[in-house]
Every structure is written in structure tokens, then in C-alpha cells.
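According to Swiss-Prot, the record shows the following:
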- 4-189: domain 'Flavodoxin-like' (DOMAIN)
- 10-15, 78-80, 113-118, 133: FMN binding site (BINDING)
- 12, 51, 169: NAD(+) binding site (BINDING)
- 50: N6-acetyllysine (MOD_RES)
- 98: substrate binding site (BINDING)
């Protein structure tokens, strides 16, 4: 049995929705045990609420538990072309895992969201840097998801990982195409994890 963690941060719910789709895809793979967790919120509760943050039900992960999984699929919104501060804070607490090599050889993949599309790919690839320092095996999705070839509408999705465009005010929710790409990412990574660890 390969253990797959979908680990995300979501303030307004876009990445939470994408995380569920990623987990849905991963759950299709026989021999994959899929868990969805989120990183802790770092904003004071009053500010989070005032900013319109969405209450979420996924359990909160601890950095130490990352070592328990064979594959981790990270989801983060874009903050100035980088991962969110909450995800950065969480990953900055993995120094002990780095020192012991606990994540070395584990699969890692990333999905993201942006307001207008700016920074989608940069967020994913800049997140890869931290994962590479852990010796994780980076898994992009390439162009295997057919939705990536559709240019008839505005949508997220890159060969690096699934993405969604939230709109400047956050009112746009992930489209069916974007969710399909996210499901593909989950299924693809989980399939690899089972082949390597199952």
C-alpha cells in the first residue's frame, strides 16, 4: 500500500476544492491510501475572518508526519510568484526531516491557484526548489491531460501541475476542466507511488 498525502493551504477555498479533486483522482488507484490535510493558518483568527477566509474541515498536518508518506502532493495559492506564507512557514519547520534525509526519494508534486494567471508556473517551480533540497523526486504532469490543449476558454493548468484562475476578486471557482486536470495529477502521482512502493 502506497501512502499519498494531499497537503494544501487555502484561504478562500480554491485550493481546497482543487485538493479534493487531486485526492479524488489519487483514490482511483488500487493500492493507494490517500489522506488530505492542510497546513496551519498563521494569520490571527480575526484578520483571517475579516479578509474573508473560508473555514475548512481538513485536519491540520504536522511537519514531522511528512515522513510517513510515499508521495506528497502540495497545493498552494500564489503569493507574488511564490508559495503562500503559510506553506513556507510549514516547510521551514522541516529542517529535522532534511537533516535525517526522511523525505529523500519520496515523490512530490505541486498544484496552485492565482488571481489572474500571473505566477502559476513560477509558484510551482519555486516550490520545487524546497522539495529538491529534501531529495524528493519531482513529478510534473506533462501534457498527458488532454484539457491542457484546450484554448477555447480561460483556464489554469500547466505541464508542471494543475492550476486554477480565481479572478482578481476570487469569485471564479475552479472549472470542470481545471478539476479534471487536478484529478489527473492525483491519479498519475498515486499510480507512480504504487508502482514504486506498493
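A Cβ is built for glycine as well, from the same backbone N, Cα and C atoms used for every other residue.
Note that the structure is a prediction, hence the values are computed from the model and not measured.
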Between residue 80 (FMN binding site) and residue 51 (NAD(+) binding site), what is the CA-CA distance rounded to a whole number of Å?
18
Cβ distance under 8 Å to residue 78 (FMN binding site), same chain, sequence separation 6 or more: which residues?
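Sequence-distant Cβ neighbours: 84, 112, 113, 114, 115, 118, 119, 120, 122, 123.
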With an 8 Å cut-off on Cβ distance to the 12, 51, 169 Cβ center, who else from the chain surrounds the NAD(+) site?
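Residues close to the NAD(+) site, other than 12, 51, 169: 11, 52, 53, 170.
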So, three-state DSSP: helix, strand or coil for residue 98 (substrate binding site)?
helix
Going by C-alpha positions, which of the binding-site residues (10, 14, 98) is nearest residue 51 (NAD(+) binding site)?
10
By CA-CA distance, flag whichever of 10, 12, 116, 169 among the binding-site residues is nearest to the residue listed as 'N6-acetyllysine'.
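Closest candidate to the residue listed as 'N6-acetyllysine', judged by Cα separation, is 12.
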Work out how many Å separate residue 12 (FMN binding site) and residue 169 (NAD(+) binding site) at their Cα atoms, rounded off.
10
For residue 114 (FMN binding site), just give me the three-state DSSP call.
strand
For the NAD(+) binding residues given in the record (12, 51, 169), what is the largest pairwise C-alpha separation in angstrom?
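Largest Cα to Cα distance for the NAD(+)-binding set is 12 Å.
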Applying a 10 Å Cβ distance cut-off over all chains shown, what neighbour count does residue 12 (FMN binding site) have?
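Taking every protein chain into account, the count is 18.
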About how far apart, in whole Å, are the alpha carbons (Cα) of residue 116 (FMN binding site) and residue 98 (substrate binding site)?
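Rounded to the nearest whole number, the Cα-Cα distance is 34 Å.
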Pop the Cα-Cα gap between residue 14 (FMN binding site) and residue 169 (NAD(+) binding site) into the table, whole Å please.
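With the alpha carbons as reference points, the distance is 12 Å.
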C-alpha of residue 10 (FMN binding site) to C-alpha of residue 98 (substrate binding site): distance in Å?
25
